[in-house]
Structure formats: structure tokens, C-alpha cells
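The annotation domain 'PLAT' is assigned in TrEMBL to 125-240, 338-454, 586-706, 716-837, 863-979, 991-1116, 1145-1264, 1268-1386, 1399-1513, 1526-1642, 1655-1773, 1790-1906 (among others).
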Amino acid sequence: YEVVTITGDERGAGTDANVFVTFFGEYGNTPKVHLASSRTAFERAKTDVFRIRTHNIGPLKKIIEHDNTGLNPSWFLDRVVVTDVIRPHLRFYFACNNWLSKTEGDGLFVRDLLGSMDPMDMPKNKYTVSVFTGDVKGSGTDADVFINIFGEFGDTERRLDSDKNNFEKGTEDKFTIDAPNLGKIRKITIGHNNKGSSAGWFVDKQVAVDDLGNKVLYEFPINRWFATDEDDGKIQRDILVGGSQPTLEGGHFEQGRTDIFNVEIAALLSPLSRVTIGHDNGGLNAGWFCEKVVVYCPFTGIEQTFPCSKWLDEDEGDGLIERELYEMVSLRQKRQKHPWSLWIWTSDLSNAGTDAEIYFQVYGEKGKSDEIQLDNKTDNFEQGQVDRFMQIELPDLGKLTKLRIWHEKRHPFTGWHLSKATLLKTLTKEKYTFPCERWLDTNEDDNEVVRELPATGELIYRVTVCTGSVSGAGTDASVFLNLIGDQGDTGDRQLVNCSNNVNKFEKGNLDEFIVEAVAIGQIRRVRIGHDGKGGGCGWFVDKVIIKEEGQTETIEFPCYWLDRNEDDGQIVRELVPFADGQRLYIDYHISVKTGHVSGSSTDSDVFVKLYGEKGDTSKTMLLVSTNNLGNYFESDRTDIFKVETLDIGQQINRLMIGHTNKGMRAGWFLDSVQIMVPLHGKHYMFPSHRWLSKDEADGKTEVQIYPSEILDIEQINYEVTCVTGDVIFAGTGANVFTQIYGDKGKTEVIMLKSRSSNFERNSTEIFKQEDVFIVTAVDLGPLKKLRIRHDNTHSHSSWYLDRVEIVDTKDDTRYYFPCNRWLAVDEDDGQIARELVPVDEAFMRKDEEGTSATLGLEQKMSTTYTVKMKTGEKKYAGTDANVFAVLFGENDDTIINLKACKTYKNKFEQGLINEFTVEAVDLGDLEKIRIGHDNSVSAGWFLDWVEIDAPSQGQRLCFPCGRWLAKGEDDGAIVRNLYPAELQTEYYTPVPYEIKIYTSDVFCAGTDADVFITLYGRKGVCTQQKHLCVNKRERRLYFERGAEDMFIVELEDVGDVIEKIRIGHDNRGTNPGWHLDRVEIRRQLRKGKGSETTIFPCERWLAKSEDDGETVRELVPSDIITQKLLRDGTLKTTETEVEDALEAHTYKVSVRTGNMYGAGTDANVFITIYGDLGDTGERKLAKSENSKNKFERGGQVDKFSIEAVDLGQVFKIRIRHDNSMLGADWYLDQVEVLDVDTEEVYMFLCERWLSKKKEDKCIERTFFVKVIPYHFSVSTGIDHDASTTARVYVIIMGPGDIETDRLWLDLPEGKKAFEEGSMNHFVCYGTDIAEIKRVELGHNGVTPESCWLVDELTVAVPTKGIKYIFPCNCWMAKDRGDGLTARLFNVLDSSTINITRKVVYSVTVVTGDIQYAGTDTNTFITVYGANGSTEEMLLPKNGDFERGQEDTFSLEIDDIAPLKKIRVRIDGSGSRPDWFLDRILMRNLTTEEVYLFTYENWLSKTKGPMRTKVCELPAVVDEEEMMEKTTYIIQVQTSDVGAGTDANVFLIVFGEFGDTGKLPLKESNNRNKFERKTKDVFRFADILSLGELSKVRVWHDNKPAPGWHLDYIDVKDEAMDQTFRFPCDRWLAKNEDDGQIMRELACANNNSVDLSDKTEYEIAITTANTDDASTTENAWIVLEGRKARSKEFVLENKKKKFLGATDTFEFSSKHVGEIAGICLGHITKDGKKVKKDAFWHVMEVVVTEQEMGNYFFHCDAQIPLAAKKDQFLTFECYKSIESFASKIRNLVPVKYEILVITGDVKGAGTDANVFITIYGVNGDSGKRQLRQKFRNLFERGRTDRFVLEMLDLGELLRVRVEHDNSGTNGGWFLEFIEVTNTANSVTTIFQCGKWLDTRKADMQIQRVLYPKY
């Protein structure tokens, strides 16, 4: 931003104070920025220009300036003009025309200026502020009073003049304030500065602010002291319009507790920008750790979350007890109910008040509210009082029609006289008044305790109740009645006052009652009932007659018994008029299940209310059960009730259930409610599973529940036939149970009672189950499956079931459920329960013709669960007890016995994993498992985990346990509930496949090995590798010579086409060699009934000793056979040949082992190659083609061939070893994969150990082709317990569903945990996901000790040049905070910083093959390119550089390509400091450019001809050197001032292609160098020419006689035959001039550019390479420069331009200066109208100007075709590369002011020496020490100022700050650094906020800081 200040032309208008400015914009505000001024700025009538660099805050609203220092601080400011330099059309004018002064004008030196884009529009306003000082002793003040008024457009702060005896006791003071128009005023801040003898001040009543411009008066009630020794000691307060500061009273604020408060304020502030929270520090334990504040505003429905996670404690952290909190925007939510306020006026009559609980209900045109209870605190509803209830939330009722209000207590003192009630809608201010003026009292008026108050008139209904004449008809119970009409109902009214009989409800009586109510429209129903109390409470009601007062007609409602012992036992009925036809009522059967939890039963009365689409029932007490179990609502019991009521619609939407909270044990745990409505054929499931208890959970005793499932019911008879198989001992004597499942539900479990004693072998039993099914009245629809089991109670329980047949008698459909399996503990898989699915009759017929195995696929169900259990490694962990498990799903649960293990005979032994197969009902998603044992023999068991593969859910779940199930261990439990660990859940889509394998009929064709198979679909979709046999017995049985073996497996869905399969074996067993003939895979068709068989021929050996020695083959399909079931019930078979099957390819794999100690391995190595068409599966790298001993150290390359079906584009490999043999550890350098058929090469840089001992102890790794580096820094909090030993991971998420794999942040060796207070850095390679949207951080710990407090996470993407800082401040722990171990962070909540963009290079270092060539020294490299240079980097060696070895690694290098040269340096450390470097190869992994740097010489102080530790190597590209050699002759002229110097002088020369490095000026033509008036000549031969020179840096080491006055330096480049002069004429001396001993000198040869001349622009436009991107029309462009705007250039479309390539145009134009933006248009050639929409898709535009450089515009936009030039798109410059000539012209000496702010935390200061290096687009400053004479620098909370002179660095990119850790207190906490270029006044802020300390955070004492914008 360019800031122009215009100082006024008044006497004394100028100032020498420091001026600061803060901008407030639409997108936020800037930090406070100092307008760094020269001595002459802000003089009278002067205009000053400043530049401020900060982030874009959008259109500006206001600015503020302040300070009051210096001799003449007063300043008269006329106005300020601010321009957005990048968008010069955005210019804002801020009028002031006022003093900023303590002594002039109104005494303010801080002002708010509101801006406008119109220079004539100066928003002004006047406010009158009235302040009332109280009339109490000592209430006046002498202090300075100030006020800050906050409005919707901004705020303004003023001092209220206290000179003229203002603010005296009992006075009113008025002030007029000139200020911008603030809009609607929300709050004020008022206070004083506590100066003077009597500073304490008492403000009476209020402060009034009169907005004269908008004619509004605002009142701010106060009535408080502003004094340090009165009240709460505050001298400043925030006051909201009409209300005081909200205080949160009555909260508990206990650990882990949430407190909820209702806060009333008189202004609508939502959405809030921030909240302030604090406490008064009173009480014993005042310290408080606040987690977060959540604010919900009912007005706007917005809920905002303000995270805090800090102490408010004077003794903890930073000692603050008040904090400002900012919103986490990504958590904002919106709710949908409307807030109302209710006022209730109790009459001013004797005894009018009540202490009863008051209830009310509101009716409107759109419906009614629920019943709402009003909180009767002790002082509510008192005589003559008004009670106000805020925050009453009502649904949208439309216009309100009536209010029903009542109380329930019937003893003395509950009587209440209500005057009126008023409802006010808070948002719209709609107001309804409901007058009453009646008693609600059983002893007054008409004895009613219910009143209906109309918003219109009230009606009187006469009700006549006719008791019948049958025996026992009368009742003494309490009777109630409710009239229900079109527009509402009257609510339940007690029938107490009978107008014609004293003894009510006697046999044959007609009792008349008066009911007063608001008009409820036509009466449709009457609900009548009694409470069932008293001896003869049964009552026979003949009918109820209703007559509206003033009307003649009556309505009759017939009724009958209301008696528990008569008829259906109901004592409440809903009656409908006689004329409404035959069906009067609907029965609702309600079954209520009480939970199986300790103390879950209740003695309280339970009520229920149903809500339907047509209406709702009244609140009905559940008093009479139909299954009459006596004592209701007992633990784990189901009670069934029948409720009769009028039809409330076809659909029940929700129900309310609760209890009256009476009785000894009122609390109740409700498990679920089921409602059956036989008339509608509906069955509703309402899950609850919660407490309804005042003392449990949320304390609610009633709750609303919504149905989870609605089933249709219809009654049907089923005939069930069981066929026992013809197998020896097939029959069973046990009890058999079945349960039938259909589309619409399931039956109960039915016991099949056999007529004879047995299910005999080969017998058929027929059961007609009509009675059972009529009872349940369920129509299951088409049958889906059948569960059948026995209870194993008989000695001969084993049962071989052939099949079950079920006939649906309704439509005579027969279902076949084939089984063909044992239900037996000791046969098959040991299960005594089976799940059967129906198959079609045609398949059954086919089955009977062929073998019994062919039906496998049709029979297969998706309900097989594979359960794996891992017994722990602890001593005595195993058990011999009987183990059972219960799987709990969302639909059902199932118990299983774990007897037949697939893997081990002796189950549950220490350290073993046991596998079981379970077939169960489709349970839905598994929610938990219960596992236990019967504590029999050696019972103690330590269970590590349970894994369940549930194909029906497509999930593989892990249930961690890690605990004993033993009476004598842990907590003594032998049964535990386990829950799935979400992080470890895998998801897939399962499909059953029938796989037939044909072994060839050749000698020794069979195998006993373990055979596995993987299936592949299109685009590389594949299944997991599946082993076909589960144990040794099966391996011996299957795959015999000439055999045909069938397997049914459930695997992931690979799509419609199986492109290939991989089949192989593990080469174990006695005869592992196998000759496979073919594989057939059958699947069910997706559409229609039938199946598809794919045939994969093989006819080859899979044997080590036969054919090519491979035991794995990939097969492609030859034929597909389809069988389809036609409508006539026959099967049609078709066969087709596969035409475009994939081809087989050969892949050559080259594996290079690293060259470091112990790098080789003897273990078996396996590789999997992945392409976009599939993968090779895991292949063993067995026979190396070029070396006998594989994988040996020393850069050995082993070559292997792999045959596989075409993989397409290869993108990753997985490589592992089995850790066998002694030297298993392996350092893998790189892998190269060559596709021989396509000749494509894929390179994988590995450079990692595969070792159980080194790095992260992994022996399996995955490497990608297209991955980018992500840099992570994680700061752990400093609380107790903050650290964690768990494994931490990050997932980076982009747009859509793109995300990286889980990137594990594994700590380096030696570090065991993320320690508290530490900061850890990681680099991970992950998929490039374009733009980051969210980041997930989490860990895998499940135990309490794995809890972790994360303070901050930073994610940097160097290849994109961006870094995100996420403030976390949250626990990740199962037992802390919200119990989550993972967090999602939204980029919206992070601060974003631009960092240096990097490119990844692969660097190969080749050491020479001569004696002693290797080294262990540290090697450094600096890279120079055409666009800058890198800093010196340490090469990340994996071991030592050994003789003849090639070492390859990745380096992230600044984006400076094309590369020109590198400088290599060794530091001479280590035991072998000498190194013979042969060459270095650098490859840009993005562009594939390769640079070769050849040296072939020693880097050594003792060897070789050069005797040097540094060398410079030119880049060679395509055998051409990028730089030439030259000789530099350097002449140094010492001035004729003072003496020369004896110090050592050094020089660096900078030019177009980098710099020369440090050149010591030693060998001169003069013996005595640098003497006064002498010229010294130095010669440097064989140096790389830098081209045009820009500057030199010259310094000396300040050794003896140091002071030196340098005149100039000449540098001659002999190759170019050109001399460059660098004038100086300054001292390099500590005690002369400015005390600097380092100077940068600019080259004097360069001439300046005249911007008034014309210039040439070259414009290169790239059109997108897609079908519809191009255009045949013309385009036009306008360049917008900082200096001017060009005219429109037409880009003529000749010779077929704009066709998906880059087109170049040249124009001559006036100079527009630096280019900020372009306008690009698309125009018709002849100006014709555009008939249809046409677009031109432009990707990129590059504008080049010779003198200035290149400007890049990223477009990627569709530009619409237009006939005129009024349609165009604008693009901003995203990158510019300044030309070298332009950079040199900018090199002028500039003074930089550097402010260093040390943090205000304990121990923040340092005694060490601090150094800074500043980097800009024009180069860097060199390392400069920050020092001042006689000052103690860098103390806690201090700001230190330094001035350094250097050549203009241009835009500042970063600073490096470091210290040498000297002195006693080396550690330093740096807050931030501010650097101001005093020449152009641009200030750049570099935020740090980190320790530079060897003992804290990441133990670094140097940091690179980037600007905060």
C-alpha cells in the first residue's frame, strides 16, 4: 500500500513523534506499522509518501495513527490517501483536518479516520456524550476520562476533557465529539487513567450517547465505581447498549465440565468477531483452564466456537486472567428454531402468587409447540410481580392463536391468579398479549387449574357425560377430558365442578360441566379417561355430548368401558362422533423395552405421546399392559401396551416418552420402543438406549425419539420342510430353532417341535406353523434367508442338514434353502448355527443332475465373518478355558462358540493368532464385540486384539484389547466389551466368486503347497491375495493330479470384467511343484438371474525345478460362458471369445544397494510393481542376472526379469525383505524398472534402510514416481502428560476426494517420544494433491498414557512455495477433552506464509576410482542458476563417499533453473578428510533436465595439484559448458585519508551468473598491501566468468591497525576484456563513519533507463491443448503497468494461431513500468455479432521487456467471444523475473532499519552474539552482526533498533537470524523482526514466536523467517 500523509498548513503543524498506522479492511486488519520517517517527514504543509508491504485486507474501512514522543509531538494532519499499489484503481481518502496532540484541539493523539473512494465524500458525524457522576462521597475524579464508541462501521476513541472541573460529584457533563459515521452503536468502553489525588469515580445511572446525524439516542446503564479500591477494582468497563457486561454466575467451572449460561444483552452482535473472557481472581482456587467457549445466538441461529485451551491463572502460563478469543470459522453451525420472550403478570391480589410448577403450550395457524415447563425459582410468580423468561424456542407456528397455561399441584398455596401473559418474537418483534384475570386454583372461581387464553375471543363448551346403566358402571376416580378440534385442543381438563349433580359419575347419571377454551374449530374427537385410583374405579361411559354455548346443535361421542378388568383393559379412550362411520378407533400396540443396566427399572408412571402426519395423540399414561407382566418397566423386560386413539395419519413421525419422576426408584433406562399398527400394516422401531433420570446423563426424564426403521406387516402362513442329509449319523436329538428373514422383516425365533423324537437321517419333516405366524402377523415379503440352529443339548446333537424348503401359502411360492453342511461342534467348521439363502428351482434341478458342489455360488451368503484373535506375548497369556464371543451389530447380535480353529489345534496359546469362520445373520455394521471365557481349566488369558473381516459390510475391523481376562489379574473381569479402532478399519466392496481349479493330468502334477490367487479388474482394481486352503488337511486333499477343485470366496468387487488373475503357491510341502491346466471363475450376473464363467488357460508348471522356475503365473482370459435364467424357468448358455485380452510384458528390474557399512543383505527380497492397469503381485527377486551374490554393498546393481501382464504406466513399487539370515539389514539406494516392450524407464529413489534395527525399523517400504516432499513441524504443549510415545501421522486432503496416504511422522533414532515443550521436524514424501484444503493429524495410541497435547502444526510444501501454520492447542487422547485421537484442521483456520519455492533434483555424486579416493568429511554444495543461487547446503550422505561409488539422493533446490555452476566445499573434518571427486550429476525430476558437473580432481589440503577444499564446476548440458573460464585482475585503491590497514582483506564479486565465493586478497604486486594512496593488484586465474558484474562485497577481519579508507575497486574480466569499477570513498573501520567494516559497492558502469522512451514488448500466449480450446477469431490485450496503461494491442489470428500451442507477438509501445496486470479479450475479426457462445481457452501469458524482465500470468480461463471490446477478463501477475540489467540499476546504497523484538516470557533474553542475513530479490546482505556500543541487547520484552547500510535488496524474501550461544544465558525467545527500507519506507514484518535455544523446542539456534503476508 502506498500511504500519502498531508500535514496541514497551521502554525506548529509538523511533528517529530513516531507515527504508526493500522489498516482495517473487509478481510481483516494489518499489524500496527511504523511509518519509518526521515528527519524531515511530517513538516508543516508537506506531503510524505510511504510504502507498506502487508497482506491483502480488501477494500479499506478505516485507519488509526498514534504516538506522543519527541520534543514537538503535536501534529496537524490534513488528510491521508492510501493506494493499493497492485490494484492502483483502489484509492481511499481519509479526511482528518484535526490535531493529533495532547495539548492542542481536543487533546487526542489517536484518531479513527473512515475512508471513502470519493475524495469529496468525507463521512462526518457529531455525537453528544452525557456523563452522570454519582452523588456519593468521593464520587468525582481528577483523572483523564476516555470513551471509545463502537458502531457497525467502526469505532472511535476520545479523551473527555477533565480540565474544567468536569466529573464532579452529582453533576452531568456533556461533550460533543466529531467522528465518522459509525452506523448503529453497539457498545462503549469508558474508563480513566487513575491519575490525580482522587482518581476513584462513581458513574451514576448511565452514559447517554446522542447520535445527532442519525437522530438516535443510546443509553448505557452503569451505576458502578471506576476505582482501584472500590467495587471490583476496575477503572475501565465495556458497556453494551441498554445492558451491563454479562457475568457468568452460578457456573461450576469444574474439571472436564460444560457450563451453560443464558446471557441477555441489548444489541444483536451475532456473528461475533471475538469474545473476551476473564474472572475476578476471587476465591481460594481462582486459576482456571478454559477449553473453549461456544456461543449460540437464537436471533440468527448461529453457533460459534471460540477455542481457548489456556490457563486464566496468575501463576500459570503467561499469568493473564482475561483473554480475547477468536472464532474457529470451520466449526460454525446454524440452527432452526425461533427465540421468543415470555412475560407473565401475576395479579396484585392477596395470595395471588404460587409456588407450583407452571406449564404452557402455544398454538398457531401452523401447529402447536410442545409443552414447556417454566422454571419456578423461589421468587417467581409472586403477588403483583412480572416474570420474564428469555430464550424460549418455538417452532414456526405462523400467527399465534392461543396460549394454554396450567399448573399441576393441588394442595394449598398452589392457587394462582394470573393477570395476563405476553409473547414477543425476539427477531421480528411480533407481540401477542393473552389477557386472563382468572384464578388457577382448585378452591377458587370454577376450580380450574388450566386456562386457555385466546389471542382472539374465548368460547364456552357445555359437556354432558352419560354414565351407563350396567352393573358397576359408576366411578369415584378422578376423571379428565380433552376436546380436540380442527384448530387445536383444550388440553386435559379435570372434571371437578359438576353443575347439576353433587355425586358425579354415578350409574345412570348425566353430569354436566363447563369448559372454557379458545375457539378450537369443529370438534373432531374427545379424549376421556380416569386415573384408575380407588376401589371401584372401573367406569362404563355410555356417551359424551358436547354443545358450544350459543349454538343449538350437539355432537354425540359414543363410548364404553374404561376399566382395567373389563373389555380391553383401557382406562383412557379417544371418542369420535357417532356419524363418522364404523371405524371409530385405531389400535397402536406399543412395546417398551427396558435396558439391561444396573438400576434401569422404574417405579414411576410412564407416559407416551405419538406424533403423526395428521396430528398427535395426547399424553397417554401406560397403565395397563396387554402381556400383563404385573410389575412394569423392570430391567431387561419388554412391556406391551395397547393405545386406542383416532388415526393420526399413515406415518408416525416421532414419539415422546417419559415418566413422572415419582416413587423411590424413579430413574429409568429405556432401551427401545416398538410400535405396531396392524390397520396400516406398519411396524416402527424407535431406538433409545439412554437414561431418563434426573441423576443420570443429561438429567432429562422425557425425550423425543425418531423411528430408525419402519417395516410393513401382513399375516401369512408358511410351511417349513427340513430335509436331513443321507450321511452316516446325520440325525439330531437336539432342539431345533429357526428364524426366517424376508425383505420386510423377520419372524421371532421359532422352535421346530418334531412329531417324533428325531430329525432322522434322510427324513423329511413337515411343520405347519400357522398358529405361530398368525400371532406375529408379519408378512416377510420375498424370503431372503433363514437362520437355523440347534441347542446341542443331546448326546447325539450333530445334524447334517441337506436343505430347508418353505412354502409361502399366500401366493404359493416355494423357496429352496440348500445347506449340505453339518450343524455340529465336532464336524466341518464347528458351528451349530447356519445361515441359508434361497436359490432358484432351475438351479436345484441342475444340481440334482450334476454333482452336489455346483450350487456353491447361488448358496453363498454375504454373512461369513472371519474372526482372528491374537493372544498376548506375556508369560502365561494363553488359556484352555472355553472362549465365546458375541458380535453386536446395528441390526442384531449373534453369539458364537470358538471351538474349531482354522490355524492351530491348540487354541489361545501365547503369542498365537487363531482364526475362526463364523456364519451369522446380517448384523449390520459391527458396533462392538463381547468376548469372554467360562473360567474353567488354566483360565487366565491375555488377549491382544481381535480382527473381524466382515465381507457383508465390506469392512475389516480391528478391536484392540491389550488386557487380561482373568480373575486374578487387572480388574478381575473375564468378559470384556471391545470397540473397533476406527483408524485401523479397512473398507472394500465384497462379491462372492466361485473359483474352479483344474490340475493337469500329467505325472506329479499335484501339489501340497499353499495356493493363492488375486483377481484384477480394469484400471488396476484388484482383490486381496486369497489363500484357497485354510489348513494342512485341505492342502493335502486339494490340487491332486487331474482334480477339479471348487472354492467359494468373498473378495473385493473388481468390476464387470476380470482382466487377469495371478495364481501361485508358496513352494512348501512334500511335492510343491504343480502343473495347472486352467482356472474358471464364476460370478452371478449383476442384472437378471444367472452367472458368468471366465476361463483362464495356463497349461504350465508352477515349480522351481520345471519350465522357467516361476511359482507364480499371471493368466489372461480366453473365453466367457454366460448362463442366464429365462422367464420360462430354463437356463440359456452362451459362449464368447475374449478378443482384446491384455498382453504379457517383461519388466527388467535393476536394484542398487547403497554404499555404506552393513548396506548389503542376505535376506530374501520381494517386490511388487504397481501400474494404472494393475500390479505384479509380490515377486521374489531370486536370480540376479549379473551377480551371484545379490544385494551386496558398494553400489552393486542387481538385475532381474519379471514377466507380468501389461501394467500400463508404472507409478509405485513396494519392496520388502523377510529379515532372514544374519546380515538382514539392507540399505536400498534406488530401483529402476524398464518395460522391455515399451522401452519406458521408471526411476524410484529409495535411499532408506530396510531394517529392524535402523531408522524407523521397517523392513517394507513403498516408493512413488510422482511424489513431492511435505515438511512438517509439530510442537507439543508444555502441560504435565503432554508428551506421547504413540505413532503420529498426517493426512493431507485436497479438493474432492484426493488425499495422500497416511504419512507417518516417525521420530529419529534416539528419540522415544514427542516430549512436552518440544518441536519436531519431519520430511515425508506423499502424493501431489494440488491445493491443500484440510489436514488430519492423529496418532494410533489407544491407551491412557498415549495422550498428547499438540500446540501447533506447520505444513510446508516447498515445491509450491507455501507454508500453513495451524494453531491446535488441543488434546489428542481417548481420556481427555472430547476423546478423539485425531483432528481435522481446515486451511481457513491457518495462517499462510509464502516461502521460497523449491524444485526436487536427483543428485548423483561419483567418487573417483583411485587409491584413498573416499572420504567421511562433511561436504557442502551451493548451486547457481540464471535466476539466483541457493544457500550452502550439506549433502545428506547415507554413509561415506567410497572409492568408485555412485551416491544418489534427493535435494530440494530453489527454483533458479537453468543451472549455471555449482560450488563444492569440504570442511576437512573426519578421519579421512581428503576426497577425489570425479563428477556430480543433477537431474530435475519435474522437467527431466540433466546437468553434468565434472571435476576429476582432489579436494584436499595435502593432495593433488590444487591443494584446495573448494572447487567451482560449470554445468554441462548436451556437452556444452554453460560458463567460460576467465582471469580476474582486481585493483584496490586505498584513499589519501588516514592510514592504510594491516588487517586481512576479503572480497566477493557478484555478477550475472552468481558470485566468486570468498577471495582473500593476499598475493599483491606490493609487499606491504593497502597502504595510503597505493594501488594493489591481485590476480585470480582459472575462475568461472560471472558475465556482467553487479557488485562487490569487501570486508576485513579488524586485526591490527584495522581502520581503512577505501577509494575504489576495479575488476577486469580478461576473457570479456572489460573493466568494471566499484567506487567506495568510505571508511571500513569500527570507530569511523558508521562503524561498519563490511561494505557493498555497486558497479558504476551501468546506465539508467529512460522510461519516457518507447520500448518493445514480446507477448507469448499459450492456448490449452483440449478439443474445444482453440479459436479462429482475433484476440486483444492491454498491459496495466505501475506507471501507465498501454493501448489495446490486437493479436491477429493469421496462419492458424491459437491452436493448442504457444504463439508469440511483438508490439512497440510507451513504457508502462512494472506490469501488474493484463486485460485479455476475444473479438470477432470483422465486428460481426456473435450468434452462439464461443470461447477461447487460454492457459498462460508471458510478457517480456528486454530491460525490465519477464512477467508471468497464469490464466487457465475460457474467454468469451464478443463483437466489441467491452468484454474481457483481467489477470494479475503471479511471478516476475527481473532482468539482470534492471536488477543492477536498482543497486544503490540504502539504510535498513532493523527492529528486533524479544518475547515477554520467562528467560526470553540472551547474552549471545546475534547475526542476521537478509535475502531480497536482488541478492543477500551477507551475515551481519547486530551490535551496539554500551547497551545490553536482546533483553526480555525489549525492542532493539539497528541501522545497517547495504545495497538495495529489492523486495525482501526472508531473513536468517542466528546466535552463537555464547554467554551464560544463550537461549533466546524471538518474537518478531521488522525491517524497514528507509529509502522507500517499505516495512516488512518477519514473525518468529519461537525459541532459539539448544535446550528448548527443536534445539535450533538459527531460524529462517518469512514475511507475514
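Cβ coordinates are placed from backbone N, Cα and C, and glycine is handled just like the others.
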Confidence summary for the domain 'PLAT' (1399-1513), mean pLDDT rounded: 89
Best-contacting stretch, by C-beta pairs under 8 Å, relative to the domain 'PLAT' (1399-1513) and drawn from 863-979, 1268-1386, 1526-1642, 1655-1773, 1790-1906: 1526-1642
Per-state residue totals over the domain 'PLAT' (1655-1773) - DSSP helix, strand, coil: 0 helix, 68 strand, 51 coil
Stretch with greatest number of CB pairs under 8 Å, the domain 'PLAT' (1268-1386) reference, 338-454, 863-979, 991-1116, 1526-1642, 1790-1906 candidates: 1790-1906
Secondary structure content, the domain 'PLAT' (1399-1513) (per DSSP, counts of residues): 0 helix, 63 strand, 52 coil
Helix, strand and coil counts within the domain 'PLAT' (586-706) (DSSP): 0 helix, 61 strand, 60 coil
Tally of residues which DSSP labels helix, strand or coil - the domain 'PLAT' (863-979): 0 helix, 60 strand, 57 coil
Structural state census, the domain 'PLAT' (125-240) (DSSP three-state): 0 helix, 64 strand, 52 coil
